[in-house]
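Engineer: Dumping the structure here so I can ask a few things about it.
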There are 4 protein chains.
Amino acid sequence: MVKRIGILTSGGDAPGMNAAIRAVVRKIIFDGNEAYGIRYGYRGLAEGDIRKLSVNDVSDTLSKGGTMLYTARYPEFKNKEGQQKGIEQLKKFGIDSLIVIGGDGSYQGAKALSEAGFPTVGIPGTIDNDIAGTDFTIGFDTACNTALEAIDKLRDTATSHMRTFIVEVMGRDAGDIALWSGLGSGAEQIIIPEAEFNMDEIVAQVDRGRERGKKHTIIILAEGVMRGADFEKALNERGDYHARVTVLGHVQRGGAPTARDRVLASMFGYTAVELLNKGKSGVCIGIQGKDIVYNDISKVLSGKQRTTNPYMALYDVNNEISY
Amino acid sequence: MVKRIGILTSGGDAPGMNAAIRAVVRKIIFDGNEAYGIRYGYRGLAEGDIRKLSVNDVSDTLSKGGTMLYTARYPEFKNKEGQQKGIEQLKKFGIDSLIVIGGDGSYQGAKALSEAGFPTVGIPGTIDNDIAGTDFTIGFDTACNTALEAIDKLRDTATSHMRTFIVEVMGRDAGDIALWSGLGSGAEQIIIPEAEFNMDEIVAQVDRGRERGKKHTIIILAEGVMRGADFEKALNERGDYHARVTVLGHVQRGGAPTARDRVLASMFGYTAVELLNKGKSGVCIGIQGKDIVYNDISKVLSGKQRTTNPYMALYDVNNEISY
Amino acid sequence: MVKRIGILTSGGDAPGMNAAIRAVVRKIIFDGNEAYGIRYGYRGLAEGDIRKLSVNDVSDTLSKGGTMLYTARYPEFKNKEGQQKGIEQLKKFGIDSLIVIGGDGSYQGAKALSEAGFPTVGIPGTIDNDIAGTDFTIGFDTACNTALEAIDKLRDTATSHMRTFIVEVMGRDAGDIALWSGLGSGAEQIIIPEAEFNMDEIVAQVDRGRERGKKHTIIILAEGVMRGADFEKALNERGDYHARVTVLGHVQRGGAPTARDRVLASMFGYTAVELLNKGKSGVCIGIQGKDIVYNDISKVLSGKQRTTNPYMALYDVNNEISY
Amino acid sequence: MVKRIGILTSGGDAPGMNAAIRAVVRKIIFDGNEAYGIRYGYRGLAEGDIRKLSVNDVSDTLSKGGTMLYTARYPEFKNKEGQQKGIEQLKKFGIDSLIVIGGDGSYQGAKALSEAGFPTVGIPGTIDNDIAGTDFTIGFDTACNTALEAIDKLRDTATSHMRTFIVEVMGRDAGDIALWSGLGSGAEQIIIPEAEFNMDEIVAQVDRGRERGKKHTIIILAEGVMRGADFEKALNERGDYHARVTVLGHVQRGGAPTARDRVLASMFGYTAVELLNKGKSGVCIGIQGKDIVYNDISKVLSGKQRTTNPYMALYDVNNEISY
């Protein structure tokens, strides 16, 4: 019997979400089943903004940032009532299982649907990389490269003027983007939620660099620590540092996904369908090493924000090589 | 007799300055003369931070952003005293003429040196494109493309979320970057110092777009009009627009120069040396159409900020095709 | 009375064609008229592959390479019979004038239609920049930057290995891409159809560079001169140069258009509609300096391939600064 | 006592080698020891092209492609005599241990030195990703993204013209670049040394695509299977496919390294020094999952070219989602 599988994206968009949607849709149709796209996340689910997707509907989407299914915030889905509306729509369209691409918030909805008996699988899609049970999330690699390219550009002008630049990157609870773009750009300082920072030490290091004839200092600041403008003010109050902040902002969410993100998204999308094919649900996909894995959504959510950031080694290494 | 020609960069750095330095140095040496690099602009000139440059000193600099000669603000050069210090240093090193790469402020110094009898030629290097007597300045094309790529990325996420994005680009007195990146990205609104804007009309247009089912609105704002954060606040006070501002900032100053900027810079650098060879000075280089031209510095400075922006046609066209 | 204006792209595709199509369609609709897209160039015209386009049909196309209207070679359009088929289709759809985007070959068709009494305007779209009457064609700037980025990458590896790299770029009769990407990348040699070259001199220059300690030699070769593989063979026969050829090929035709190409295409598209609005036809658009201009198609075609390349100054400058 | 550690790069250059050199040098100096750069690989080692490096010598190298230490082929190092020359030079400079960055060939030299009693550690640097004992090598991620961007551009023009494009990517024995850039670009076919291919099936798939209205076919071919020109010829002999080959070539070796490659290279470089600090040698670094690991060089070399490609899953997934 032909199965009908729905797919939606939820929460902040991330580069590679389209690659995941494409893999899901293509794999479903390859298997002889039917794919249904739900637009605007859980809001569209509750409202029935749903239509069948063909192979051609996902052509030439692989290289595009954003999400062709759009996304929306829909707090009502936290309530049973909102969830029930969604399940009714799914039934109305004859859809028998669902794939949700998004971050923690999106997983809450997926968990609720699973617990209500509707087979759902989650795919980690967020530039923040802050999901437990997976080494990487879709969009993280692209966001790091976007940040890195911007920092490379800032370094040109920082060097020419002998300036200190503070670069505020995304990451409320997780310092992953700051860690990767910081070590990748040779930033003198990386300031993240996972580690204490001390303004005295920062000032001392900038001073040491200047004495050594360093032409610039780059400080990467995860947004979760404090606002870049406040950090700029605090640093400039300490001396004649001519520090300037640049807030990279939403630029980090967009752009053509990198090879890494496209491959990851394709493997995740494919595997999500495979799991549903095997009758597996209530789980979310991840990558550990070279292996595509899956974990119970409830387990992943209880480990929210990962108790410790798995990339703290980058922080320590940076301290010893970027000074 | 072997001539000794000095070169310095001054004011804000711009991508392509290195390409101009390289062309100047290589052309000087090709002619059998000697090239002297002055570091940190007029400050380095006054302080004698000067050294002879060889062909190899400018190898592999063509593709690099920033300026290998560094730059600095040095208000003291506005005074006769500062200028005199500079002339003494030039004499000390046996330098008989000077090439200055920079914007309006830098041209003031070049003018003063010329009037004091020291042969000086100016090359327009600033991302703002706000120099009279030339269609384009070095760095402008790169800055437009950097802004454009960022706006393309923002569009991905604006579309996915149905949002309004305000993008603050550089340009205090001149709307050139806003005009080119705005028309180039299909921004619904371009707000520049050269044209009045009316918040009522902007709100009305955003509303019309939404009614038509538009997924996003992009508004490009030149920094000279108002701060992006203030514009964001003003727009959001008018309704439920979820407008978000992104300030591109200093990222626009950096990066590998584009083909256009490298060619322009190379032609400018070459021509500056040629003019000095012919005993011409007190002038600055420009491009008009396909022709490399030169104008009296004093004339260019009196037409400061160009009485009218020569690219206002882009504004009018954008109004009729990006709605 | 509502006018119906058709648009097609023909010949080789070029980045920015979509920006021109978008500008044409948006301007037509802004004026209260109707836009008709003809797919697959003159072949689609003869076969009636034509449909009305709305504002939304051209949304989010501005940043995309290629042409959303597709293109095809259709030699039959050189004959009266093929042209007559096209005119019949235009009449059938009630279309009263036509805009053709393409190169020389495409202009031949536009000229024939005009002479047959069907109002037609041409827009120069080709990466080769080999159209008379315009300083630049749509796609040329993007192609130059694509070539430049590739050459920058090759330089990394050429330097690391002390090698000679030959880079074959597009340009059958015109050396424009070679000239701009060559001067832009600081290539030691630029070999173009417009200038004689002498293998002895090339060998001598490579030798001089080596003696001076140069880490690499880059030679840019326009495809119209000879095949890169043949040049590689000829050079390696002269000595132990380890020369390697890279043929950039069709990569040069694709990619997101640059700011320059998007602005140029938008201005061209807008102006083409304006000309038709004013009853002007049998002409093609161009840019001269900062001005958007138009010329009789027949005049432009008679000056085919421009009697002299207007950018030969780049060649001369490169010889004196890249050695 | 102060230790003196040497570093060289050997074999083909790869983006990220400079990031590894920087990490090695900075970490050595951080530890209070001395870093010695050996230029031109084993040839420079044998010839004593060696000098002490300071912190500033590796400033601003992190983002650059190629290798600042240059590289060379030096078959003489396969012989005891060549090796002995190298060891003598190392002794002459008082260097007590060595770090070698490169691929299989370079590891042979590292193994010989180790076996001759000179403490040596290897770091995998090659775009081919064909080293046993590590999930990824330095340069591979950048090469994949370079290939991907080129394929994205080719897709624009393939779509516009309804053409079949064959893209020859690097990989003599290993299909890794083809697999990642192929799945990443949604190529209809990926042809690699690790899997049989059947021209009949390829032709059948292209035909099926055309029937379904597909606008283009992209075939990725690893160079190790056959020359792209031969494949083009073979395909065009089967029918009217207008297939065109593009050989990406050495462009894949260059360019600014991606975030992934910079982080990987930094971690590898740091760890190599740490291992020497701990008296560990005769090993080479790798990454497995999130862990930086090390293996005996002799073991890694005996598993040369990895008995099976660990990324064959990408091949299988691509077959089910890119059709």
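Any Cβ shown, glycine's included, is placed from N, Cα and C.
Below are the features I grabbed from TrEMBL:
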{"type": "DOMAIN", "residues": "C:4-276", "note": "domain 'Phosphofructokinase'"}
{"type": "BINDING", "residues": "C:G12, C:R73, C:Y74, C:G103, C:D104, C:G105, C:S106", "note": "ATP binding site"}
{"type": "BINDING", "residues": "C:R22, C:A23, C:V24, C:V25, C:R26, C:R155, C:G186, C:A187, C:E188, C:R212, C:K214, C:K215, C:H216", "note": "ADP binding site"}
{"type": "BINDING", "residues": "C:D104", "note": "Mg(2+) binding site"}
{"type": "BINDING", "residues": "C:T126, C:I127, C:D128, C:R163, C:M170, C:G171, C:R172, C:E223, C:R244, C:H250, C:V251, C:Q252, C:R253", "note": "substrate binding site"}
{"type": "ACT_SITE", "residues": "C:D128", "note": "active site, proton acceptor"}
Engineer: For the binding-site residues C:R73, C:K214, C:H216, which Cβ has the most other Cβ atoms within 10 Å, all shown protein chains included?
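Structural biologist: Answer returned by the neighbour count: C:H216.
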Engineer: With Cβ-Cβ distance below 8 Å and at least 6 positions apart along the chain, what are the contacts of C:G105 (ATP binding site)? List them in sequence order.
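Structural biologist: Set apart from C:G105 (ATP binding site) by at least 6 residues yet with Cβ under 8 Å, we have C:S10, C:G11.
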Engineer: List which of the binding-site residues C:G105, C:S106, C:M170, C:E188, C:R244 have a Cβ under 8 Å from any Cβ of chain D, in sequence order, or say none.
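Structural biologist: From C:G105, C:S106, C:M170, C:E188, C:R244, the ones near chain D are C:R244.
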Engineer: I need the most crowded of these binding-site residues: C:D104, C:D128. Count other C-beta atoms within 10 angstroms of each C-beta and give me the top one.
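Structural biologist: The residue with the most neighbouring Cβ atoms within 10 Å is C:D128.
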Engineer: Report, in sequence order, every one of the binding-site residues (C:R22, C:Y74, C:S106, C:T126, C:M170) having a CB within less than 8 angstroms of a CB belonging to chain B; if no such residue exists, report 'none'.
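Structural biologist: From C:R22, C:Y74, C:S106, C:T126, C:M170, the ones near chain B are C:R22.
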Engineer: Tell me the Cβ neighbour count for C:G12 (ATP binding site), meaning other Cβ atoms within 10 Å of its Cβ, over all protein chains shown.
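Structural biologist: Counting Cβ neighbours of C:G12 (ATP binding site) within 10 Å gives 24.
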Engineer: Around C:E188 (ADP binding site), which residues of its chain at least 6 apart sit with Cβ under 8 Å of its Cβ?
Structural biologist: C:Q205, C:V206, C:G209, C:T217, C:I218, C:I219, C:S322, C:Y323
Engineer: Compute the C-alpha separation of C:V251 (substrate binding site) from C:Y74 (ATP binding site), stating it in Å without decimals.
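Structural biologist: So the alpha carbons of C:V251 (substrate binding site) and C:Y74 (ATP binding site) sit roughly 23 Å from each other.
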Engineer: Need the DSSP three-state call for C:S106 (ATP binding site) to compare against my parser.
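Structural biologist: The residue in question, C:S106 (ATP binding site), is helix (DSSP, three-state).
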Engineer: What's the most sparsely packed of the binding-site residues C:R22, C:R26, C:R172, C:R253, counting other C-beta atoms within 10 A?
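Structural biologist: Per-residue Cβ counts within 10 Å for the binding-site residues C:R22, C:R26, C:R172, C:R253 bottom out at C:R172.
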Engineer: Neighbourhood of the ATP site (C:G12, C:R73, C:Y74, C:G103, C:D104, C:G105, C:S106): other residues with Cβ within 8 Å of the Cβ centroid, in order?
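Structural biologist: The surrounding set, listed in chain order, is C:S10, C:G11, C:G41, C:T71, C:G102, C:Q108.
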Engineer: Identify, among the binding-site residues C:G103, C:G186, the residue whose Cβ has the fewest other Cβ atoms within 10 Å in this structure.
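Structural biologist: If we count Cβ atoms within 10 Å for the binding-site residues C:G103, C:G186, the smallest count is at C:G103.
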Engineer: Within 10 Å of the Cβ of C:R244 (substrate binding site), how many other Cβ atoms are there?
Structural biologist: 20
Engineer: So for C:V251 (substrate binding site), how many other CB atoms are inside 10 Å of its CB?
Structural biologist: 26
Engineer: Long-range neighbours only, meaning 6 or more apart in sequence with Cβ under 8 Å: which ones does C:T126 (substrate binding site) have?
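Structural biologist: Result: C:G11, C:G12, C:A14, C:G102, C:G103, C:D104, C:T137, C:I138, C:G139, C:F140.
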